[in-house]
Amino acid sequence: MADSADHDSLTLFASASGFGRAAVSVIRISGPACLDVLKAISPPLPIPRRLSLRTIRDPNSRDIIDRGLVGWFPGPNSFTGEDMAELHLHGGLAVRTAMLRTLARIPGCQAAGPGDFTRRAALNGRLDLTQAEGIADLIDAETEAQRRQALRQLDGALGRQVGAWRETAIDLLARTEAALDFSDESDVDDEGLDAVLARDAGALSKQIQAVLGDGRRGERLREGFFVVLAGPPNAGKSTLLNALAGREAAIVSSLPGTTRDAIEVRCDLGGLPVVLVDTAGLRETEDPVELEGIRRTRRHMEDADLVLHLSPADGPGREAAQRPHSLAVRTKVDLVASSRLDDGLGVCALSGSGLDALLEAIQAAAEASLGGGEALVTRERHRSALTRACGHLDCVAGGMVLAPELMAEDLRLAVRALGEVAGHVGVEEMLDRLFAGFCIGK
Ligand SMILES: Nc1nc2c(ncn2[C@@H]2O[C@H](COP(=O)(O)OP(=O)(O)OP(=O)(O)O)[C@@H](O)[C@H]2O)c(=O)[nH]1
């Protein structure tokens, strides 16, 4: 990982297209030695930003490694802001290995770690931190809604909004500082300044809070809408999960208590990411392993966005929905005559009957929770920094700090908290954490 000045002067290289077998394999190179590397392995240098067919050789032995396309992207107008190159080679394992081994032997070159290229782009001011997160989210996006949200963030929607709030907070701070520094000079009018500052700080805080009051839609969309399948042992939870997910993900068995821990299956419901969670059956038991499973089930139910309370149609009556975000579902409806069924949701996971209605109900709940406009805040990190900023602005707005020096300090802390979102301040540790989650070559 590029975390020291020494490391930053190295030229990094990595496979940017994964490590499997493919038609084309892309190797990225970025750093000060990039130009020399290209001249050594694939002369002559291509026209910038235009892929050119070249023979690529080991610079020492002059052995041919492959014939492929070479792209040359001189800094600072490259993804990382440094000199960069891309080698589009044949996607075989041996070709890629030979190329990476050759690059590793060139002085000044080093294999990149996860996220190193994006990290350099952020450090060179090509992206702010929210956009770097947008790239990570775009790579991880599994559904259409996640892809759209990540693209919006990569486009800088959050960075621009938070940047505008930060400018306003800086302006408030400048006015306070001016009043402090020149309070004895006649041309600085601090008459009623406290009231004006309090009003403006309050207005800014309200704007931020309006965005924060989005029901955590952005975070939920990244993480998925959690649907927990709960109910007594043998209610048919695992069978239903498999039927809903369309694959055999959970162990299905006729032994009550087969599922001891939660099993999660991610699926795409109408473009929304839904995580179905199969849990241990709820019943009275002395078995310590099963008890632990039941404890975890209860915790999953508390954290769930939606709980499906399953009860077999041939058993006791339908369980009443215990909280607003829950649905009572009758399972194994094939075991009773249709005349004995009530009007609520009922499924036969074996034949698939009733599954469409259940999926529609889950999708409607997910849409109600995740839909309703475009969320700006997509991570707890953003929420926590913005909440802190609001706290400081509210101190100024509420007249809780009377001395102008203290007011200035609160405004400074608000500016700092807002700056953290885009990566202007105090983010070294955060950078390590963020880029560690990237893939190599990005
Ligand atoms: N007739 C019928 N049997 C079903 C249906 N769904 C599940 N079963 C059967 O019911 C039994 C229990 O199913 P599971 O899916 O393992 O039940 P579970 O609720 O996950 O059980 P635990 O893991 O013990 O909590 C199995 O024999 C299934 O084949 C259904 O719709 N109709």
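Glycine is no exception: its Cβ is also placed from the backbone N, Cα and C atoms.
Per TrEMBL, these features apply:
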- Arg28, Glu86, Arg126, Lys442: (6S)-5-formyl-5,6,7,8-tetrahydrofolate binding site (BINDING)
- 234-239, 253-259, 278-281: GTP binding site (BINDING)
- Asn234, Ser253, Leu255, Thr258: K(+) binding site (BINDING)
- Ser238, Thr259: Mg(2+) binding site (BINDING)
- 224-367: domain 'TrmE-type G' (DOMAIN)
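Shown on the structure are the features that TrEMBL records.
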| residue | record | Cβ within 10 Å |
| --- | --- | --- |
| Arg28 | (6S)-5-formyl-5,6,7,8-tetrahydrofolate binding site | 25 |
| Glu86 | (6S)-5-formyl-5,6,7,8-tetrahydrofolate binding site | 20 |
| Arg126 | (6S)-5-formyl-5,6,7,8-tetrahydrofolate binding site | 19 |
| Asn234 | GTP binding site | 20 |
| Lys237 | GTP binding site | 30 |
| Ser238 | Mg(2+) binding site | 23 |
| Ala280 | GTP binding site | 27 |
| Lys442 | (6S)-5-formyl-5,6,7,8-tetrahydrofolate binding site | 21 |
PLDDT averaged over the residues of the domain 'TrmE-type G' (224-367): 79
Listed binding-site residues adjacent to ligand 1, that is, members of Arg28, Asn234, Lys237, Ser238, Lys442 whose C-beta is under 6 A away: Asn234, Lys237, Ser238
Span of Arg28, Glu86, Arg126, Lys442 around (6S)-5-formyl-5,6,7,8-tetrahydrofolate - largest C-alpha separation, Å: 18
Cα-to-Cα gap, Glu86 ((6S)-5-formyl-5,6,7,8-tetrahydrofolate binding site) vs Ser238 (Mg(2+) binding site), nearest whole Å: 47
Candidate nearest Ser238 (Mg(2+) binding site) in space, where candidates are the binding-site residues Arg28, Arg126, Lys442 and distance is Cα-Cα: Lys442
Residue among binding-site residues Arg28, Arg126, Lys442 with Cα closest to the Cα of Ala280 (GTP binding site): Lys442
Cα-nearest neighbour of Asn234 (GTP binding site) within the listed binding-site residues, Arg28, Arg126, Lys442: Lys442
Lys237 (GTP binding site) and Arg28 ((6S)-5-formyl-5,6,7,8-tetrahydrofolate binding site), distance between Cα atoms, whole Å: 47
